[in-house]
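To keep things clear, I will list the structure first and then write my remarks on it.
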Amino acid sequence: MRRELLLEKIETYKAIMPWYVLDYYQSKLAVPYSFTTLYEYLKEYKRFFDWLMDADLTQAPKIADIDLSTLEHLTKKDLEAFVLYLRERPSLNTYSTKEGLSQTTINRTLSALSSLYKYLTEEVENDQGEPYFYRNVMKKVSTKKKKETLASRAENIKQKLFLGDETLAFLDYVDKEYEQKLSNRAKSSFRKNKERDLAIIALLLASGVRLSEAVNLDLKDVNLNMMIIEVIRKGGKRDSVNVAGFAKGYLESYLAVRQRRYKAEKQDLAFFLTEYRGVPNRMDASSIEKMVGKYSEDFKIRVTPHKLRHTLATRLYDATKSQVLVSHQLGHSSTQVTDLYTHIVNDEQKNALDNL
């Protein structure tokens, strides 16, 4: 979503929220939480407050009037009823064939509520230096996580990675072959953004940064001499990320056309730009997702930018056998999340042995 549109939607949600949610928003903005995260949380709060009103757990006529005492006195049984509502309500819609919200969506909703309750019961201070209330009912609500072994997850992901020679082959395909299948009109659009699109794909494959980190890159954050970029990690921590050398040519080619092609002025700080009616804007996450999906589907299989992150991590582990190095590259504080890549690489090694 374009940044300007995202901020507009955030303001729309803020306009209907209770004062304590606005306090929460301001506090998390200072952490800083990303605007995308805060937008998703505000959507979840609206879903929750709508349910409170529908379930007659508040007498407030509108969301903004729901007071703190309502949240303070909700019981574990109330929250379990909300979870049941999330699981079952879509099936009550006769026009829908869905059986209910996915467990992932439900977990996201509960995570947003847990964050709000933690703020209200632990983090915020009133005039006496105390939190607004002390009873955190969310601590009593358990979440169900999807059960899947690392081996199973590795097998599912492996088919969507561009390992070995496929990394450069994918870039080469976009650079030299993709255009051949296009109509003359489509070729014009492709050529306008070719250098930029290749630079984005190359950066994702060469650094393993998250989509949000790539979107938020500014010109000042990119050092092509050192092949290092500065990003804001989850939790607001600034980090320096090494970029593999194969991306340098693609990034340089994009920079050579960036100003002229996208009408960029001094005030246009974003590294990756799009242009509409002569006005440059930061390229948004949705556009990059669609772009990566389009090219990857034509090359082999449709993937997300996150799979390009997995690709880099797997290739790096295969080359170094160091989970510590991989976790540092990805911006993780623990090596536990990199266990997945050992399984993928071990499977690849087994397949290689079987082919001897």
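Any Cβ shown, glycine's included, is placed from N, Cα and C.
As given in Swiss-Prot:
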{"type": "DOMAIN", "residues": "16-121", "note": "domain 'Core-binding (CB)'"}
{"type": "DOMAIN", "residues": "169-354", "note": "domain 'Tyr recombinase'"}
{"type": "ACT_SITE", "residues": "Arg210", "note": "active site"}
{"type": "ACT_SITE", "residues": "Lys234", "note": "active site"}
{"type": "ACT_SITE", "residues": "His306", "note": "active site"}
{"type": "ACT_SITE", "residues": "Arg309", "note": "active site"}
{"type": "ACT_SITE", "residues": "His332", "note": "active site"}
{"type": "ACT_SITE", "residues": "Tyr341", "note": "active site, O-(3'-phospho-DNA)-tyrosine intermediate"}
Using DSSP, how many residues in the domain 'Core-binding (CB)' (16-121) fall into helix, strand and coil?
75 helix, 0 strand, 31 coil
May I ask which of the active-site residues Arg210, Lys234, His332, Tyr341 is closest to Arg309 (active site) if we compare their C-alpha atoms?
Arg210
Which entry in the list of active-site residues, Arg210, Lys234, has its Cβ near the fewest other Cβ atoms, using 10 Å as the limit?
Lys234
Given the active-site residues Lys234, His306, His332, Tyr341, state which is nearest to Arg210 (active site) when distance is taken between Cα atoms.
His306
Using only C-alpha positions, which one of His306, His332, Tyr341 is spatially nearest Lys234 (active site)? These are the active-site residues in the record.
His332
May I ask for the distance between His332 (active site) and Tyr341 (active site, O-(3'-phospho-DNA)-tyrosine intermediate), taken between their Cα atoms and rounded to an integer number of Å?
14
DSSP-derived structure type at His306 (active site), helix or strand or else coil:
helix
Between His306 (active site) and Tyr341 (active site, O-(3'-phospho-DNA)-tyrosine intermediate), how many Å separate their Cα atoms?
14
PLDDT averaged over every residue in the domain 'Core-binding (CB)' (16-121):
89
